[in-house]
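Features as listed in TrEMBL:
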DOMAIN    B:1-200  domain 'Heme-copper oxidase subunit III family profile'
TRANSMEM  B:21-45  transmembrane segment
TRANSMEM  B:65-82  transmembrane segment
TRANSMEM  B:94-111  transmembrane segment
TRANSMEM  B:131-158  transmembrane segment
TRANSMEM  B:179-197  transmembrane segment
Amino acid sequence: MSNPNTSSSGESHGSVSSYLIGFVLAVILTVLSFGVVMSHSLAPTGTLAVLSVLALVQVLVHLHYFLHMGGGSEARWNNIAFVFTVAFVSILIVGTVFVMANTSMNMMSR
Amino acid sequence: MAQNTTVPTAGHDEHHHESTVVFGFWVYLMTDCIIFGSLFATFAVLRNQFNGGPTPHELFEFGGLGLETALLLLSSITYGFGMIAAHKTQINSVIMWLGVTFLLGLGFVGLEVREFAHLIADGAGPDRSAFLSAFFTLVSTHGLHVTCGLIWIVTLMVQLMGTTEIPERMMNKLTCLSLFWHFLDIVWICVFTYVYLASMI
């Protein structure tokens, strides 16, 4: 997510071409996501794994091209808040799924 | 922390870190992110609890989902063009792009409301099963955010009409809304991937 261009003048808030690049990448990734599910070409676990990778890449594309997240010193506090939130939400989601899967197994509810 | 007091003309060199206002809004978005994280975790736990009710395969269809996704993705880039125009102080162009973004967002909300109405009419409302409760809570929270964004867009369009320049304060408002709108698009990526597509495998 580091963007060496953030300090250069006029680049930081994006240009028409950077928005278009981001848009084209996002469209490609979205179409791939739909395609992989609609074509049933992979096993369910494989499909889920591919979907997760495509979603992650698309989120990064959006953060870079649309939200202009970068590694400049100006953005330091934004990035710190962002990293904290990602860590927090990851613990929240992974922890919840892990604990609840164990619970339902031990209670033989599935 | 970014403490620049940029005058509007110098705003060209900066992006969304000009002021503590924008940073404050960023922190709000991060808390919003935690709300959505909680709702996604809830959905992940309840996604297979159908209680004998309809399953995602019977409820979801690719066509409507693809159209909703396309509208939201398009609205992201049209807002981006609006921001570029704002940095060039082309106010009529900003209003035009905000209008296009508004229509695309309105189309999205309209499709979503239509989908919800169909589901409820088919007896697949939020009271049918734990899966549907979690589904409606998560997706409608996103829809509610988009609706708030639409109101915000109209407000800024009205404030921009008849003005000849974009002061720093206005630029901050536009930048905050830009962050909000693109953030909602990112949440939608997670929704269409994990709520819809992953359930239709």
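Glycine residues also receive a Cβ, built from the backbone N, Cα and C atoms like all the rest.
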Which of B:65-82, B:94-111, B:179-197 contacts the transmembrane segment (B:21-45) most, counting Cβ pairs under 8 Å: B:179-197
Tertiary contacts of the transmembrane segment (B:94-111) (same chain, 6+ residues out, Cβ under 8 Å): 64, 67-68, 71-72, 74-75, 78-79, 81-82, 85-86, 143, 146-147, 149-150, 153-154, 156-157, 160-161, 166, 174, 181
Chain residues in Cβ proximity to the transmembrane segment (B:131-158) (below 8 Å; excluding those fewer than six residues from its ends, i.e. six or more beyond): 32, 35-36, 39-40, 42-43, 45-51, 53-54, 56, 72, 95, 98-99, 101-102, 105-106, 108-109, 112-113, 116, 119, 124-125, 170, 173-174, 177, 180-181, 184, 187-188, 191, 195
Sequence-remote partners of the transmembrane segment (B:179-197) [C-beta within less than 8 Å, at least six residues beyond its ends]: 16, 22, 25-26, 29, 32-33, 36, 40, 43-44, 56, 60, 65, 68-69, 72-73, 75-76, 79, 101, 135, 138-139, 142, 145-146, 149, 152
Overall pLDDT of the domain 'Heme-copper oxidase subunit III family profile' (B:1-200), taken as the mean: 91
